[in-house]
Structures are given as structure tokens and as C-alpha cells.
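Residues or ranges marked as 3'-phosphoadenylyl sulfate binding site in Swiss-Prot: 48-53, ARG130, SER138, TYR193, 227-232, 257-259. Marked as substrate binding site by Swiss-Prot on the basis of experimental evidence: LYS106, THR107, HIS108. If you look up Swiss-Prot, you'll see HIS108 marked as active site, proton acceptor. Positions annotated as phosphoserine by Swiss-Prot: SER156.
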Amino acid sequence: METSMPEYYEVFGEFRGVLMDKRFTKYWEDVEMFLARPDDLVIATYPKSGTTWISEVVYMIYKEGDVEKCKEDAIFNRIPYLECRNEDLINGIKQLKEKESPRIVKTHLPPKLLPASFWEKNCKMIYLCRNAKDVAVSYYYFLLMITSYPNPKSFSEFVEKFMQGQVPYGSWYDHVKAWWEKSKNSRVLFMFYEDMKEDIRREVVKLIEFLERKPSAELVDRIIQHTSFQEMKNNPSTNYTMMPEEMMNQKVSPFMRKGIIGDWKNHFPEALRERFDEHYKQQMKDCTVKFRMEL
């Protein structure tokens with residue numbers, strides 16, 4: 001594991017207590033000074049928690065169920081990724097500045113790193129979370145296919161880093177707890193991936209109502225149909241196949257991999273699971289938010 005450390009920390013660095021991609025923090029002033037608009041909607045998640053799924057659901061709500069409008073461009077252009085920056089290749093801030101209102105903003109930032117302007121303008125926010133074990137599995141495969149990131153080595157080694165918060169965007173525990181605290185504000189809707197898998201209709205209606213639209217049976221049906229895992233996996237505008245292969249090698253692992261709950265059982269050996277569970281209990285002992293590891 002030691003041999004991977006220098007390479008790993010050339011790409012990622014501690015930034016205000018959170019491990020971040022150094023390319024993102026290089027121009028941090030642009031993020032910090034970002035000017036929100038009152039009708040901006042923020043979709044926040046810890047990575048690999050269902051970001052693309054909930055983003056497409058929300059976009060469908062905004063477009064009143066018009067599937068063709070949702071297919072006009074890749075989701076990473078329709079809903080820019082706020083802090084994402086790779087010199088001039090990708091610039092989430094620039095994309096957002098050029099967008100007409102109302103904008104939908106994707107971020108993986110914890111609340112303390114989110115531009116203050118979003119709080120000052122009292123923007124609505126949606127936070128989607130997913131159980132830690134499934135996030136760890138999905139994150140591992142994701143890091144394998146991002147060509148500019150160091151190989152995460154074995155799954156067990158990656159889980160050790162995950163538990164210590166030494167993965168991009170830092171500690172899952174801190175991230176979830178901080179957003180849970182923020183959800184005391186009625187402008188922040190806290191949602192669970194597991195709830196969406198259990199009853200997507202109920203959760204879509206919840207989103208429509210939060211966004212102050214009128215839920216019709218027809219609209220809900222269209223959204224459910226268009227945003228099913230299989231539909232999105234086959235849809236070039238959501239499956240990230242429009243992303244160049246030199247950035248994302250989907251031959252290593254597809255961006256849309258399984259989209260299920262409980263896949264962690266296929267990856268965690270017994271001893272690792274026990275260590276993870278003990279660590280999880282310690283980290284989450286003072287937090288009232290409860291997760292389901294299986295349905």
C-alpha cells in the first residue's frame with residue numbers, strides 16, 4: 001500500500017479538512033466567489049450515491065416530462081458540476097455562469113465548502129445519500145475507470161482509505177452528518193437512495209412537491225419510465241459514454257454498473273465487514289440519521 005501513497009497524494013490533497021482533487025482546488029477562488037441566483041437548485045451528494053439518477057428525475061420535472069428535451073445534451077452539460085475543473089477542458093463554474101435561469105447545480109461538496117452565496121440566496125437544495133457500504137463498492141469501481149486517478153489497488157485497501165476519509169471528498173460520515181444537520185432547514189430536502197429504490201413513485205411525488213410543481217399521474221409515470229436504471233444505462237445522454245475514453249474508461253467498469261442495494265455483500269469479506277461495522281457504529285453513534293444496508 002505504501003508504494004501507492006506518493007502517487008495518490010500527488011493527485012489528491014487535504015483542503016480545509018477534506019481530501020480533494022488538486023485540479024479542483026487550484027482555482028478555488030472561482031468556486032468560493034460563485035454568485036448563486038435565488039432560483040438555483042442545488043443537488044448535493046457524496047460521490048456514488050445516485051447523483052445522476054436524481055439529477056435526471058429533477059431535470060424531467062423541470063422539463064415537464066419532455067423526454068426529447070432531456071436527450072438534447074449530455075447530463076453533465078445540462079446540469080453542470082459546480083467545482084469540477086480540469087484547466088480549460090472542464091470548468092463547471094464557467095458552464096453555470098453561461099446557463100439561463102433556472103439553473104440546476106450538481107455538487108459533491110460538504111456544506112462548509114459550498115459557496116456562501118447559495119445559503120445567502122436561500123436556494124433550495126436536495127441531498128441524496130446512500131448507505132456507506134454500497135457507496136464504498138461503487139466508489140471503488142468508479143476510481144478504477146477514471147484514467148487520471150491512481151489505481152485504488154485492492155478493495156480492502158480502498159475500504160481502509162474510505163473509513164479514514166482518505167478518498168476524494170473526504171469522510172462519508174462527516175459529509176452525511178453535516179448535510180443531515182442542514183436539512184433542519186425546510187429549503188433542504190434530505191433523501192435516501194434506498195427509499196427511491198423501494199418506492200420511486202412516492203419519492204418522485206415528494207420531489208415534485210418540494211419543487212412546487214403539480215404532480216400528475218401522467219408526469220410521474222413518464223419520469224419513472226425514463227429514469228429506470230436500464231433506460232438510463234442505455235441512454236447516451238445519461239450513461240457518460242459522451243465523456244471521452246481518455247477521461248473515463250468504461251471498458252474497465254461501466255459508469256452505470258448495477259444500481260442495486262446490498263451489492264456490498266459480494267465484496268466485503270467477513271473480517272472487513274466486522275471492522276467496517278464497528279467503525280461505522282463509532283462514527284455514527286451521535287447521529288440520528290438511520291440507513292438501510294439492504295431492503
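Even glycines carry a Cβ here, placed using N, Cα and C.
Note that the structure is predicted; figures quoted are calculated from it, not measured.
The shortest Cα-Cα distance between LYS106 (substrate binding site) and any of the recorded positions LYS48, THR51, SER156, THR227, GLN230 is the one to THR51. In this structure the C-alpha atoms belonging to THR227 (3'-phosphoadenylyl sulfate binding site) and HIS108 (substrate binding site) are separated by 21 Å. Across the structure, ARG130 (3'-phosphoadenylyl sulfate binding site) and HIS108 (substrate binding site) are spaced 13 Å apart at their Cα atoms. It is 9 Å from the Cα atom of THR51 (3'-phosphoadenylyl sulfate binding site) to that of HIS108 (substrate binding site). Under DSSP, THR51 (3'-phosphoadenylyl sulfate binding site) is assigned to a helix (H, G or I) in the three-state scheme.
The secondary structure of the residue listed as 'phosphoserine', as reduced to three states from DSSP, is helical. Sequence-distant contacts of LYS48 (3'-phosphoadenylyl sulfate binding site), defined as residues of its own chain at least six apart whose C-beta falls under 8 angstroms from its C-beta, comprise ARG130, VAL135, SER138, TYR139, PHE142. Taking the Cα atom of each, SER156 (phosphoserine) and GLN230 (3'-phosphoadenylyl sulfate binding site) are about 29 angstrom apart. Fewest other C-beta atoms within 10 angstroms, among the recorded positions SER156, THR227, GLN230, are seen around GLN230. If you take the C-beta of THR107 (substrate binding site) and look for same-chain residues 6 or more apart in sequence within under 8 angstroms, you find VAL42, ILE43, ALA44, TYR81, LEU82, GLU83, LEU114.
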